[in-house]
Amino acid sequence: MGGSAEANGGGASARVPVPPARPFLDTFRGNLKETFFPDDPFRSVVRERGAGRRTLAALRYFFPFLEWAPAYTLGAFKSDLIAGITIASLAIPQGISYAKLANLPPILGLYSSFVPPLVYALMGSSKDLAVGTVAVASLLIGSMLSSQVSPTENPALYMNLALTATFFAGVFQASLGLLRLGFIVDFLSHATIIGFMGGAATVVILQQLKGMLGLNHFTTATDIVSVMDSVFSQTHQWRWESVVLGCGFLFFLLVTRFISKRRPRLFWISAAAPLTSVILGSVLVYLTHAENHGIQVIGYLKKGLNPPSVTSLQFTPPYMMLALKTGIITGVIALAEGIAVGRSFAMYKNYNIDGNKEMIAIGTMNVVGSLTSCYLTTGPFSRSAVNYNAGCKTAMSNVIMSLAVMLTLLFLTPLFHYTPLVVLSAIIMSAMLGLIDYQGAIHLWHVDKVDFCVCLGAYLGVVFGSVEIGLVVAVAISVLRVLLFVARPRTTVLGNMPNSIIYRRLDQYAEAQTVPGVLVLRIDAPIYFTNASYLRERILRWINEEEERAKENGEMGVQYVVLDMGAVGSIDTSGTSMLDELKKILERRGMQIVLANPGSEIMKKLNSSKVLELIGHEWVFPTVGEAVASCDYVLHSHKPGAVRDSPAAHEDMV
């Protein structure tokens, strides 16, 4: 059965060449570049000639506004002006609401809608992202910090820790971008985000029952059991006034959202509804003196722009580690949301954003924000959707929104004195209902049950445990799935499509036929130490099953095992050792291993480890068709030495 190149008759068919050796440093440099700089971000800088032009190109990379600002037109400004005013009407009530959700003074929500958007407008690459506070990050900050520091008993320390956590989050985010480690965020899969966001939205909605029912005392825990216990153990303290007012405004907000979804051109109705609710609620409380009848109001809001907060940051024990942990976790979640939202709208408008550049921009705005009394911000979907629908052209819409918030801080904060907290609860609940993507979960169930389990695990972990537990559960399931795919790669049997030299999976193509005496296997993953032993055992099991089938049908047993290596992107020393062992095992059983379509990386490793010499270069083929044709020819010609023949003869054999 074996063969040698010397015994070949006719012209030899094409061999699979061993690529020329490259110096280790060149290979290492190439792999490093592909890992951290796959998009070659500095190509525009290198292309320029002269130090001055290169410096300007580098500045344009870090400050994208230098690209669009010189060509900015009056028409674009009109569109951005409308979009900026529209998102400001949403940002003001949301900022106040989300600050309360984080157990922070409401004024910090307005501060956080003033400085960070200005920084993002200078450094962000997305035209549609509208920057501001977000509910999930606010909930995370509130739940993680309040577990050790009470926001009511020690409000100053609590606020300082929130600012410190924001600082650490910004440093972490910017560092990921500068070190080109943006792929870390990709470990939060789509299924993870759906489950996590849905669970967080459910928890946020349950937390708002405090405001909707007019309760003064409420649990700081976020799990559903603790929240329900807190709600139903205080039934005697429920205020019907709050229930009626809250349900009325919640119904109003949901109706406006329904109208905007049915008629996208009327998006402004839903966008203006939160601010309209705040105005109507404030007027109603002022005229009826409802604050004297159990309706809680915001109270005094300090006028003026953001005060500096450099001296408020806590970099000393015992609370620094709490702020660091909170910052890293909330920073990852904020990055995942901001980059996902930015990429979604960039796809709609057919332009690209650099994920690492976005990390630098978001991280920088959070660092600057932490120094100016702002807490964590990113690009929320609801605000960005309004910005997109309002027709924004550039990041100038963020500047317009920031200026509108600035005017509010300077002149209009006293008007929010009578804003009822129950209206803020209704605003948060209506926004959170949009984050529960039940249709996405149903889609996951129909498409991929494992992804659905990841989604469900994240949701249940958040709802019945905590936000941190839900995140850990979801990431753990996702990583476990990746490890299983690596450790247990798929192997499939290929068969010949009639009247062709094409080979396809037998379990997918019913018309595909096996070639007597030849077993063709496809390996669908790189071969590493984690799966080498499994692949050896799985290949031997395929051989045994094929031998049994051939014996039952009275056919020729397996003489050749052809491994289709087209999907094997890389191999390590454990993988080469596995092929070495497999070759020896098959030899003892009177079989020959044949390789088809190995890549350059595989050929280099096999050649360096001497495995290629053991297998024999004459048993390595460019295609599966050629490999099977040669094996079939040897079997039927009864010429043990005739391994390779002319290409024309090969086509006739298949």
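Cβ coordinates are placed from backbone N, Cα and C, and glycine is handled just like the others.
Positions annotated as transmembrane segment by TrEMBL: 129-145 (among others).
Look at TrEMBL and you will find 157-181 (among others) tagged as transmembrane segment.
Among the features that TrEMBL reports, transmembrane segment is placed at 187-206 (among others). Sequence-distant contacts of the transmembrane segment (187-206), counting only residues of its own chain at least 6 positions beyond either end whose CB sits under 8 Å from a CB of the stretch, comprise 101, 135-136, 139-140, 222-224, 227-228, 332-333, 336-337, 340, 428-429, 432-433, 435-438, 440-441, 444, 448, 451-452, 454-463, 467, 470-471, 474-475, 478-479.
Long-range contacts of the transmembrane segment (238-259) within the same chain: residues 211-215, 266, 269-270, 273-274, 277, 280-281, 284, 290, 293-296, 420, 422-423, 425-427, 429-430, 433-434, each at least 6 residues beyond the stretch ends and with a Cβ under 8 Å from a Cβ of the stretch. The transmembrane segment annotation in TrEMBL covers 238-259 (among others).
The feature transmembrane segment is assigned by TrEMBL to 266-287 (among others).
Residues of the same chain lying 6 or more positions beyond the ends of the transmembrane segment (319-340) and with a Cβ under 8 Å from any Cβ of it are 129, 134, 136-137, 140-141, 144-145, 148-149, 157, 161, 164-173, 176, 182, 184-185, 188, 193, 196-197, 353, 355, 358-359, 362-363, 366, 376-381, 468, 471. The transmembrane segment feature in TrEMBL is assigned to 319-340 (among others).
Listed by sequence, the residues of this chain that lie at least six past the ends of the transmembrane segment (360-382) yet keep a Cβ under 8 A from its Cβ atoms are 62, 90, 94, 99, 102, 104, 108, 111-117, 119-120, 123-126, 129-135, 137-138, 141, 162-167, 169-178, 306-310, 312-313, 330-331, 334-335, 337-338, 341-342, 431, 434-435. What TrEMBL lists as transmembrane segment is 360-382 (among others).
Here the transmembrane segment (394-412) has long-range neighbours at 64-65, 68, 72, 76-77, 80-81, 83-85, 87-88, 91-92, 95, 110-111, 113-115, 117-118, 120-121, 124, 126-127, 129-131, 303-306, 387, meaning same-chain residues at least 6 beyond its ends whose C-beta is under 8 angstroms from one of its own. What TrEMBL lists as transmembrane segment is 394-412 (among others).
Away from its own ends, the transmembrane segment (419-436) comes close to residues 93-94, 96-98, 100-101, 135-136, 197-198, 200-202, 204-205, 208, 210-212, 214, 242, 245-246, 249-250, 253-254, 257, 274, 277-278, 281-282, 284-285, 290-291, 295-298, 381-382 of its chain (Cβ-Cβ under 8 Å, at least six residues beyond either end). According to TrEMBL, the transmembrane segment annotation covers 419-436 (among others).
Residues or ranges marked as transmembrane segment in TrEMBL: 456-480 (among others). Within its own chain, the transmembrane segment (456-480) has Cβ neighbours under 8 Å at 136, 139-140, 143-144, 187-189, 191-192, 194-196, 198-200, 202-203, 221-225, 329, 333, 441, counting only residues six or more beyond its boundaries.
Note on the domain 'STAS' (508-631): its mean pLDDT in the predicted model is 90. TrEMBL lists 508-631 with the feature domain 'STAS'.
Outside the transmembrane segment (266-287) by six or more residues, the chain places 86-87, 89-90, 92-94, 96-97, 245, 249, 252-253, 256-257, 259-260, 295, 297, 385-386, 389-390, 415-420, 422-424, 426-427, 430 with a CB less than 8 A from a CB of the stretch. Sequence-distant contacts of the transmembrane segment (157-181) (same chain, six or more residues past either end, CB-CB distance under 8 Å): 36-37, 102-105, 108, 141, 145-146, 149-151, 309, 312-315, 319-320, 322-324, 326-328, 330-332, 334-335, 356-371, 373-376.
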